[in-house]
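The structure appears right after this line, and notes come after that.
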Ligand code: SF4
Ligand code: SF4
């Protein structure tokens, strides 16, 4: 451990850092090995209190300017910017960066799709033609052609399926507008309930094209441009919507078309999926292309043979973070942990290679990898890391990159593994892969696939409402704990939970993505779960797959009986352990779509300021959703439940739901006992 830093040894209670048993085991081992992780860095570096409240600005060299979070209106920046302008601009830049990340991801997917369709990329193919046709139809592309034929001597018009490639080419051109269009409305606005779009049009927030929205938002946050928090937030909404109904949605839909639409499958999660006698390769990041090609490489008989010659029983491929969540949902590839376990998993010593692409890849991985002799490879031109080897993935010949990584991993297995390998023997099986399409079949059955049964169960009160619990993990709170407690409380009160990203992995490790977790649900939700055989917590995939939640909301509105706009629905969202700017963009597109969205950890605004009031109250008065904040998961759950009940009341469907909530007072009383 030559690279391990010489630090004064501090004693930590590792169980306070995480409820993930395997992560805690590895944190202890890292400490023994003298290896530092993000958990320790977070403990030793308190967040800056001014920055945490978003009360500082460094947008020009007259500053940086720091206001007083305890008395935010007592002064302004040198240019005269108030706390509302400063906080709104900071928030806006988070939205811009988060939306840019999803948009760039979506655009890369579209670039690949274009080349697949034109035959210049051959390693990937259109795998799901049904999905291709459905997506095309949803934005008004003809999927059938009319033909005149003679029948019984008469000329009649018949419809025939249109050529798949023709549809694909038109779809590609149309979806490009999501990014490049400068005027008009992005294509997937056609999927939004008309009343929601009407509100957006009234407010001037229908996205034109994500590049334009992001660019304008960055312009507006420059010194001396937009200095009215309401107007800045308006552009935040437009930009965030270009992510949710644009960049992210294109990423999800194209991935499904190219690699297959997920269907529920049983798959393992946790570090026990590593195998000591195998060559272990982890893919971590966000875009599915690297992973899809890696799947081909590890199944190549020649490479398997090479691994065997090196003394391995085989090659074991696993995933982490959102790349992992996506292929877990799509193909059942084992997942070894979420964002806050990425360093910990290297501490096992068992990982021969970790290949990363973009987003949520801690620079600290390079140091930990070096300590254990693990090869860390960057593969995307956007993401290099000092200390990691860069082997670029060229989509025209992706196997060149992934085969090389596999060969390097075999080399490490053969001669460079550390003496001591410790793999925590824990694996949590669960059901993953609930695409929005599958929710149709699951509740409606193959022959009457529809959201109607879901709507009926919401209307009759068996399902009180739906909550999207999503997002990152964060060492500023007890890892996984906020996610798990929040979800348990929600299902206990009959709220069906849908999940993505690192949150889904936290709940999988807690065993809640199994049908028998229905025993933890309230009577109504448990009855629905038992009848259908589904878990009370549905895993939908990666962060960009939050767009599946938007589509599900639109389908619920379209099906009828629960209002006319997304804002009418008894639905709420939460990112209880968020950390990335992408999470802020996601949160804001949930809000702008009409949903109440509660964040934990911290919130970049000061309570009592006009900007805070605008996000937390006034947006709802304008017909959108609103933001909420709570640190405590139970409080968070009851804020969401209260919102769901408010919506139920407005819809006139309160009847059977009028039993008393287990509120904060009840809980405190219990805690005392
Ligand atoms: S833009 Fe205004 S508040 Fe920001 S650093 Fe410059 S002077 Fe200070
Ligand atoms: S959920 Fe958050 S931390 Fe996890 S991979 Fe997605 S963006 Fe990164």
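For all residues, glycine too, the Cβ spot is worked out from N, Cα and C.
The annotation [4Fe-4S] cluster 1 binding site is assigned in TrEMBL to 48, 56. Sequence-distant contacts (6 or more apart, same chain, Cβ under 8 Å) of residue 48 ([4Fe-4S] cluster 1 binding site) do not exist in this structure.
What TrEMBL records for 57, 60, 65, 79 is [4Fe-4S] cluster 2 binding site. Around residue 57 ([4Fe-4S] cluster 2 binding site), the same-chain residues at least 6 positions away in sequence with a Cβ under 8 Å from its Cβ are 63, 64, 65, 77, 81, 86, 89, 90. DSSP assigns residue 57 ([4Fe-4S] cluster 2 binding site) to a strand.
Within the same chain, residues at least 6 positions away in sequence whose Cβ sits under 8 Å from that of residue 502 ([Ni-4Fe-4S] cluster binding site) are 321, 322, 325, 338, 339, 340, 471, 472, 473, 577. The [Ni-4Fe-4S] cluster binding site feature in TrEMBL is assigned to 286, 322, 360, 472, 502, 543.
Listed in chain order, the residues near the [Ni-4Fe-4S] cluster site other than 286, 322, 360, 472, 502, 543 are 321, 325, 338, 339, 359, 471, 501, 542, 580, 582, each with its Cβ within 8 Å of the site Cβ centroid. Residue pair residue 60 ([4Fe-4S] cluster 2 binding site) / residue 286 ([Ni-4Fe-4S] cluster binding site) shows a Cα separation of 33 Å. With the fewest other C-beta atoms within 10 Å around its C-beta, 60 stands out among the binding-site residues 60, 543. Only 502, of the binding-site residues 57, 60, 65, 79, 502, place a Cβ under 6 Å from an atom of ligand 2. A Cβ distance below 6 Å to any atom of ligand 1 is met, among the binding-site residues 57, 360, 543, by 57. When secondary structure is read from DSSP and collapsed to three states, residue 65 ([4Fe-4S] cluster 2 binding site) falls in the strand class. Here the Cβ of residue 79 ([4Fe-4S] cluster 2 binding site) has 16 other Cβ atoms within 10 Å, regardless of which shown protein chain they belong to. Counting only same-chain residues six or more apart in sequence, the Cβ atoms lying under 8 angstroms from the Cβ of residue 360 ([Ni-4Fe-4S] cluster binding site) belong to 285, 286, 321, 322, 339, 472, 580.
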